[in-house]
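Noted in TrEMBL for the protein shown:
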type     : residues                                                                                : note
ACT_SITE : His190                                                                                  : active site, proton acceptor
BINDING  : Gly12, Ala13, Ala14, Gly15, Gln16, Ile17, Gly18, Asn108, Gln115, Val132, Gly133, Asn134 : NAD(+) binding site
BINDING  : Arg95, Arg101, Asn134, Arg165                                                           : substrate binding site
DOMAIN   : 6-150                                                                                   : domain 'Lactate/malate dehydrogenase N-terminal'
DOMAIN   : 160-322                                                                                 : domain 'Lactate/malate dehydrogenase C-terminal'
Amino acid sequence: MSKKPVRVAVTGAAGQIGYALLFRIASGEMLGKDQPVILQLLEVPVEGPQKALKGVMMELEDCAFPLLVGMEAHGDPMTAFKDVDYALLVGSRPRGPGMERAELLAINGAIFTAQGKALNAVASRNVKVLVVGNPANTNAFIAMKAAPDLKPGNFTAMLRLDHNRALSQIAAKTGKAVADIENLCVWGNHSPTMYADYRFATIKGESVKAMINDQEWNANVFLPTVGKRGAAIIEARGLSSAASAANAAIDHMRDWALGTNGKWVTMGIPSQGWYGIPKDVMFGFPVTCENGEYKVVEGLEIDAFSQGCIDKTLKELTDEQAGVAHLI
Ligand SMILES: NC(=O)c1ccc[n+]([C@@H]2O[C@H](COP(=O)([O-])OP(=O)(O)OC[C@H]3O[C@@H](n4cnc5c(N)ncnc54)[C@H](O)[C@@H]3O)[C@@H](O)[C@H]2O)c1
Ligand SMILES: O=C(O)C[C@H](O)C(=O)O
């Protein structure tokens with residue numbers, strides 16, 4: 001018997017990430033090749049973006065995806081989020097060359113108050129929310145606080161792009177396959193302060209840290225490369241990352257919904273006090289997923305270097321949180 005369709009909201013659906021994301025959701029790459037989906041697409045209620053959204057929907061139609069059983073265009077989150085099971089909050093301004101992500105807070109923060117309220121009012125009570133729009137952690141925090149009737153743990157921020165970037169850098173450094181790298185994680189904020197941590201990582205059972213054995217490379221090459229990759233792409237493309245961001249969003253939602261088979265991934269989630277991170281701070285943690293739930297990998301040893309990195313990214317996040325207190 002075929003599965004009941006699920007409702008998936010995507011905001012910023014006519015933007016560049018939206019264009020790289022929607023076709024993959026509709027083809028079953030996010031929720032499985034047996035899961036029918038209804039897309040509820042939100043764009044700003046302005047002629048240009050709404051017209052562009054119609055064009056994207058025409059293309060979706062022209063793909064004749066068997067799993068795409070419904071599709072709607074919206075200009076209001078109160079209708080776009082009605083009964084949604086999954087919400088990918090992408091819509092917001094990207095940064096341009098020379099901008100820092102924190103500069104986006106003033107521009108984008110308010111969007112997430114309105115969208116959190118709308119999710120609170122009309123979404124499924126089990127909605128799984130992924131915030132992609134930057135600054136992603138703090139926007140997810142704002143949305144979570146605006147939705148007091150939903151479970152805080154169902155609001156997440158995207159750290160998966162940092163995780164995937166770290167995987168690729170380690171594969172290149174060691175000359176091994178990405179697929180063989182286990183137990184990598186990224187702590188903290190989706191920003192240059194994030195701490196990509198390969199101390200526990202293994203490749204076919206062997207320690208990656210021992211294989212690399214180069215703390216100078218870790219501190220001065222690896223961490224800055226992963227942390228500043230977004231800016232490097234903006235510099236090179238003149239536009240912020242889109243296909244890789246959409247890919248990370250698919251990975252994040254797929255793993256949350258369908259499980260990781262014990263494999264560690266990174267998700268930005270509201271802390272429940274794990275590793276000394278204050279409650280509710282939207283922080284990147286190592287998790288495994290099973291039966292639609294994530295579980296933090298607990299009990300990892302935090303050495304002095306790692307603690308310094310975690311403290312730095314935490315400070316940035318608590319400063320960002322303080323900066324949006326008026327929106328909470
Ligand atoms: N977390 C990550 O890893 C990550 C990675 C890449 C990009 N991003 C962020 O994702 C966001 C989108 O990037 P993009 O390249 O797709 O930008 P884009 O400008 O191409 O598209 C954004 C779209 O969002 C729409 N939009 C703006 N406000 C909206 C609202 N209130 N409701 C609905 N739609 C709205 C715009 O009309 C536009 O079509 C940016 O904030 C960017 O910085 C995050
Ligand atoms: O860096 C940006 O502004 C875009 C995105 O967050 C990225 O990491 O590529």
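Counting begins at 1 with the first residue displayed.
Placement of Cβ uses the backbone N, Cα and C atoms for every residue, glycine included.
These figures come from a predicted structure and were not determined experimentally.
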Entries of Gly12, Gln16, Arg95, Asn134, Arg165 (binding-site residues) sitting next to ligand 2, with Cβ under 6 Å as the cut-off: Arg95, Asn134
Three-class DSSP secondary structure - Gly133 (NAD(+) binding site): coil
Candidate recorded positions Arg95, Asn134, Arg165, His190, pick with smallest Cα gap to Gln115 (NAD(+) binding site): Asn134
Least Cβ-crowded entry, counting other Cβ within 10 Å, from the recorded positions listed as Arg95, Arg165, His190: Arg95
Integer mean pLDDT for the domain 'Lactate/malate dehydrogenase C-terminal' (160-322): 98
Reduced DSSP assignment, Gly12 (NAD(+) binding site): coil
Neighbour tally for Gln16 (NAD(+) binding site), based on other Cβ positions within 10 Å of its Cβ: 18
